[in-house]
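Data first, discussion second: the structure below is written as C-alpha cells.
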Amino acid sequence: MNIRERKRKHLEACLEGEVAYQKTTTGLEGFRLRYQALAGLALGEVDLTTPFLGKTLKAPFLIGAMTGGEENGERINLALAEAAEALGVGMMLGSGRILLERPEALRSFRVRKVAPKALLIANLGLAQLRRYGRDDLLRLVEALEADALAFHVNPLQEAVQRGDTDFRGLVERLAELLPLPFPVMVKEVGHGLSREAALALRDLPLAAVDVAGAGGTSWARVEEWVRFGEVRHPELCEIGIPTARAILEVREVLPHLPLVASGGVYTGTDGAKALALGADLLAVARPLLRPALEGAERVAAWIGDYLEELRTALFAIGAKNPKEARGRVERV
C-alpha cells in the first residue's frame, strides 16, 4: 500500500471506523475542578491569550495534526487553516513525509495563503530521521511556510502497521540535528508520553512537548482497521498512558517546558482540567475532521463552542487566565 492510499484509508477509518479507545479513558474523569463561589472575578476578565512558539494565540488551543497528501487533504487542511486564522489559534499539519517522497503532494498542505498570521506547525515522524537529514527538515518547513516543526513518535502505531519499527538511537539522532532555526517539539500520536520518555527528552533543546495521551483516538485501532478491515487485537490497541497521567508524569520531569495536552480532551471542561493538572495548551484532532469536510465555518463553530466552555470553566474556578488554572483541581 503506497503512502497516499494509506492516508486515504486513515481518513476513512477515522470517519467511519470504531477507532476510539474502548476501555482506556483519559483519566480526566478522576479529577474535579475546585469550584470557587466567591472568587470576585468577572467573566469578561478571563483572558485566554497564550504565547506559544514565538507567537501569541488568542486561546491555548491547537488544531491537531490530521492529514495531507491524499484526495481530500487540501479541502480539509484549508478549512482547518481558515478556522485557525479566524480564531487566532494554532494548527499542526499532517505528516510531511509524503512531501519529502512526493513533492507534488505540496498542494494539499499549502495553507499559508488562507492563514497568513496563524501558527502553523509542520510534522514528521521521528523514525524518518533514519533517512532524512537537516537539509530535508529545512526544506520541509520552508515549503510549508511553517513556524515550527513537531516530530511525532509512534512505536505502537508503526508496529501494528508493520511500518518503521526500528526506534533505536532516535533521540541521539535528534540531538545531533538540534538546534534548528525554528522551534522544535516532540509529540506522541495518542498512546501517551511517559515519565521515562520525558527523561529521554529532558536534555534536548526542545520548545514544547505534546503528551498526546490515551483516551481519545487509538492509532493502533486505526491501523488495524486499515490493515484488516476490523480490530483483531482489541487489548493490544488499548495500550497507552492515559492523558491525565501523561500530563502529571511529563510535567514532573519537565517543569518549565511548554506542555500540550491532547488525547480525548474533547470538551472545554476537560481542557480546564488538563490546564489545572499542568498543561499549557490543548489540542484536538479527530472531532474536527467531519466539520472540516463541511467547511471552515463548521470548524470555527466547534472550536468556538469549546473555547466558550473553557472560558466559563476557568471563571468557575476563579482563574483569570490559563496559567492561573494550575493546581485548581482535586482527585474525585
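Positions of Cβ are set from backbone N, Cα and C atoms, glycine also.
Gly96 (substrate binding site) falls within neither a helix nor a strand when secondary structure is assigned with DSSP, and so counts as coil. Remark: Gly96 (substrate binding site) has Gly68, Phe109, Ala122, Asn123, Leu124, Leu140, Leu144 as non-local neighbours, by Cβ distance under 8 Å and separation of at least 6 in sequence. Per Swiss-Prot, the feature substrate binding site maps to Arg6, Lys7, Ser95, Gly96, Arg97, Gln157; the stated evidence is sequence analysis.
Cβ-based neighbour count (10 Å, all protein chains) for Thr217 (FMN binding site) stands at 25. Per Swiss-Prot, FMN binding site is recorded for Ala65, Met66, Thr67, Ser95, Asn123, Lys187, Thr217, Gly264, Val265, Tyr266, Ala285, Arg286.
Feature annotation from Swiss-Prot assigns Mg(2+) binding site to Glu158. For Glu158 (Mg(2+) binding site), the number of other Cβ atoms no farther than 10 Å from its own Cβ, over all displayed protein chains, is 20.
A 10 Å cutoff on Cβ-Cβ distances gives Asn123 (FMN binding site) a total of 26 other Cβ atoms nearby, all chains included. Arg97 (substrate binding site) sits 11 Å from Thr67 (FMN binding site), taking the CA atoms of both as reference points. The subset of binding-site residues (Lys7, Ser95, Glu158) lying with their Cα within 10 Å of the Cα of Thr67 (FMN binding site) consists of Lys7, Ser95, given in sequence order. Following the DSSP three-state reduction, the secondary structure of Thr67 (FMN binding site) is coil.
Counting only the Cα atoms, the space from Ala285 (FMN binding site) to Gln157 (substrate binding site) is about 17 angstrom. In the three-state DSSP assignment, the secondary structure recorded for Asn123 (FMN binding site) is strand.
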